[in-house]
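Asks: One structure, as structure tokens, below. Some questions next.
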Amino acid sequence: MYGIEYTTILTFLISFIFLNYMLKSLTRMMDFIIYRFLFIIVILSPLIKAQNYGINLPITGSMDADYANSTQEETFLTSTLCLYYPTEAASEINDNSWKDTLSQLFLTKGWPTGSVYFKEYTDIASFSVDPQLYCDYNIVLMKYDAALQLDMSELADLILNEWLCNPMDITLYYYQQTDEANKWISMGSSCTIKVCPLNTQTLGIGCLTTDVSTFEEVATTEKLVITDVVDGVNHKLDVTTTTCTIRNCKKLGPRENVAVIQVGGSDILDITADPTTAPQTERMMRINWKKWWQVFYTVVDYVNQIIQAMSKRSRSLNSAAFYYRV
């Protein structure tokens with residue numbers, strides 16, 4: 001009888017000691033994991049920026065304005081800036097170290113050396129055919145040319161907005177524009193666009209579908225054409241497809257990481273007359289024509305004010321991507 005009681009008590013004590021040991025081991029293990037986790041957080045925290053999914057999020061649906069974010073660092077410390085200029089600027093300056101000089105001047109405005117890229121283009125016409133905007137912020141300098149007003153205004157409309165585009169087969173199909181945001185964008189070395197509106201019986205309205213010479217010519221030998229026709233009406237098109245491509249595009253909204261600066265000219269380019277264009281006067285501006293050195297000095301002086309009217313975006317613009325969202 002006493003042997004059974006002693007055995008029971010001994011079993012209980014052994015179980016208690018074993019359980020106590022297991023709990024202490026588990027506690028030590030959890031302490032190790034927690035302390036190690038906290039140690040890693042302490043080490044990595046200076047290297048990690050806080051994420052705020054509301055950064056630059058619009059309240060009204062417009063992305064033209066930046067909104068304050070307590071975790072957002074100074075723009076120029078984490079961003080790249082591309083400055084696009086015509087070849088004539090470099091030719092006039094005629095100084096092999098002029099880019100280095102400007103880089104040092106941008107440094108005085110807070111932009112580290114290496115964060116500003118200078119991109120040269122031959123002329124407005126060639127830039128219209130193949131615009132490529134890859135930096136976080138892009139500023140395009142366009143010297144006014146009366147002979148290129150159409151290309152300049154349409155280039156501004158192209159790069160200041162985002163477009164969703166698809167290819168068009170004008171040899172097989174008629175096309176219509178569904179609403180004001182729907183446009184046909186043509187690019188090439190020479191684009192001549194003719195259209196013939198059709199009635200419900202697919203007969204030409206004021207033109208013959210079998211005679212291209214009766215079509216209405218809406219663009220002649222241009223590099224870039226954004227065609228706008230009457231919505232909801234089928235059209236037969238004639239395009240110089242050997243030197244031009246045409247795409248059916250939908251304007252999605254403003255591209256906030258691009259600004260256009262018109263250099264000189266008595267006429268001021270304005271694309272805001274289009275009902276689908278959100279007010280963009282802050283990102284399309286004009287400065288008086290001066291020597292190119294003076295133009296660049298002006299840009300350096302006001303670069304941070306210009307950036308404040310923009311929003312950083314990661315999506316790049318490449319004309320080859322116009323079949324998809326650009």
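Just so you know, glycine gets a Cβ as well, placed from its N, Cα and C.
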Asks: Can you tell which of C82, C135, C244, C249 is bonded to C191 by a disulfide, based on Swiss-Prot?
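Replies: In Swiss-Prot, C191 forms its recorded disulfide with C244.
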Asks: So C249 is in a disulfide according to Swiss-Prot. Which of these is its partner: C165, C196, C207?
Replies: C165
Asks: Looking at the disulfide bonds in Swiss-Prot, identify which of C135, C196 pairs up with C207.
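Replies: Disulfide pairing in Swiss-Prot: C207 with C196.
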Asks: If you measure D301 (Ca(2+) 2 binding site) to C82 (disulfide bond) at Cα, how many Å is it?
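Replies: If we compare the Cα positions of D301 (Ca(2+) 2 binding site) and C82 (disulfide bond), the gap is 16 Å.
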Asks: Which one of these binding-site residues, Q177, T214, has the sparsest Cβ neighbourhood, judged by other Cβ atoms within 10 angstroms?
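Replies: Each of the binding-site residues Q177, T214 was scored; lowest Cβ tally within 10 Å is T214.
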Asks: Could you state the CA-to-CA distance between C249 (disulfide bond) and G206 (Ca(2+) 1 binding site) to the nearest Å?
Replies: 26
Asks: For D95 (Ca(2+) 1 binding site) and C165 (disulfide bond), determine the Cα separation and express it in whole Å.
Replies: 41
